[in-house]
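Below you'll find the structure, written out as structure tokens, and then a few comments.
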Amino acid sequence: MANVTVIGAQWGDEGKGKIVDWLASRADAVVRFQGGHNAGHTLVVGEQVYKLSLLPSGIVTGTLSIIGNGVVLDPWHLKSEIAKLESQGVVINTSNFAIADNCPLILPLHRDLDGLREQAAGAGKIGTTGRGIGPAYEDKVGRRAIRVCDLAHLDSLDAQLDRLCAHHDALRAGFGQPPVDREALLTELREIAPFVLQYAEPSWKRLQTVRKAGARILFEGAQGVLLDVDHGTYPFVTSSNTVSGTAASGSGLGPNATGFVLGIVKAYTTRVGSGPFPTELEDETGQRLGERGHEFGTVTGRKRRCGWFDAVLVRQSCAISGVTGIALTKLDVLDGFDKVRICTGYRLGGKVLDYFPSHAADQAGVEPIYEEMDGWNGTTAGARSWADLPAQAIKYIQRVQELIETPVALVSTSPEREDTILVRDPFVD
Ligand code: IMP
């Protein structure tokens, strides 16, 4: 039995929630290793819909769920997300939930800064989720973060708070804002500390223990490779590494623990927020994809931009993240199209490229080269075997896997857990 690492291979919103939920029901532990409550994972289990932003998806099935050190944690959001899930009947306690005690906190001052910067950027804004993710990661690498373990030592936090506030006060002054209200911050931290600390532990140790006992671990990525701070469409990215390699550093287990890398890939392309998007369709077809796919952000409710499948981008994501196999999602959104298109290369300044260039101007300037295929009649929705799929839909899947040079391990055909075609079980080596 292998461990499995799930990552998004596009710009997030590939439908990771359902796949992770399905895998989590067979895992012994689920770990979030990067990002924060900017993620939006929707799980549909029977009649119940669970919306998770921060908690690992395993929590819904009662599987041991761990927020790893690579995550940035908003303690107040944590409390409200737990309360919401509890009101839906989910049981959360210290035997099925833990938080890495070396996890950095997202504070109100991070949310402030996220908002101030976006506002000041005008048309050049990133289009962040406004949740303070970027500023919290900046403080982590700037070595001035307040971490979960610090909540147990609030009486000796003076020097740390001095450094943090000095930094933020200077930035806030630049935006014409008053300094951080240090006393109010300390009071808020004192209030929330016992709630967070009940779950805090050196979670790498618990993971080591379950690993030694032969447990199956699921590493749950958030966002997507194209939002990775190194490999994505910089600067229109999130502030963490979203690639599979982060599963090791963001959980405290070594790279040999991460196992089968499952890349989640939507059968077309979407993006929320600003930034280049070569196959974007700003016409009726794009509108149709958005309506059929219910393409609105889980976290912010923003309308997602939509376009054809971009095989160049996904091939690159799969290579960079060492994807073993993909889970193809939302194929049914393409049902009923006369023709479907796949981007197979780009034109840039008279040259043909088989990769996505690094410079922002080149990324914005590439023109997609398309291959057109016949669409299919009939529906793929709810299919549970290849025999349930129209022949032309199978051809589309085969062409996708050929172009991205990565095999299909799963095809998801509706939000329901059972509506899945399993080609290769990621948990079985
Ligand atoms: P941030 O992560 O809030 O800093 O936002 C940076 C960029 O990442 C923006 O374009 C967001 O729309 C995008 N983003 C962040 N989280 C997600 C996600 O879970 N799904 C899709 N896009 C996301």
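Any Cβ shown, glycine's included, is placed from N, Cα and C.
Taking the Cβ of G40 (Mg(2+) binding site) as reference, residues of its chain lying under 8 Å away and at least six apart in sequence are, in sequence order, D13, G17, K51, L52, S53, G297, T298, V299. Following the DSSP three-state reduction, the secondary structure of G40 (Mg(2+) binding site) is coil. The GTP binding site annotation in TrEMBL covers 12-18, 40-42, R304, 330-332, 412-414.
Summarising the annotation, TrEMBL assigns Mg(2+) binding site to D13, G40.
Per TrEMBL, IMP binding site is recorded for D13, E14, G15, K16, N38, A39, G40, H41, T129, R143, Q223, T238, R302. Packing around G15 (GTP binding site) is summarised by its Cβ count: 21 other Cβ atoms lie within 10 angstroms of its Cβ, all protein chains included.
Sequence annotations record features per position, and here TrEMBL assigns active site, proton acceptor to D13. Cβ neighbour count for D13 (Mg(2+) binding site) (all protein chains, 10 Å cutoff from its Cβ): 28.
Taken from TrEMBL, the feature active site, proton donor applies to H41. The 10 Å shell around the Cβ of H41 (active site, proton donor) contains 26 further Cβ atoms across the protein chains shown.
When secondary structure is read from DSSP and collapsed to three states, K140 (active site) falls in the helix class. Feature annotation from TrEMBL assigns active site to K140.
DSSP assigns R302 (IMP binding site) to coil in the three-state reduction, outside any helix or strand. Every protein chain considered, the tally of other Cβ atoms within 10 Å of the Cβ of R302 (IMP binding site) stands at 14. What TrEMBL records for T298, V299, T300, G301, R302, K303, R304 is substrate binding site.
Taking the Cα of K140 (active site) as the reference point, the closest of the binding-site residues N38, T42, Q223, T300 is N38. Highest local Cβ density among the binding-site residues G12, G301 belongs to G12, counted as other Cβ atoms within 10 Å over all protein chains shown.
Among the binding-site residues listed (G15, T42, T300, G301, T413), none has a CB atom closer than 6 Å to any atom of ligand 1.
Under the DSSP three-state reduction, Q223 (IMP binding site) is assigned to coil, being neither helix nor strand.
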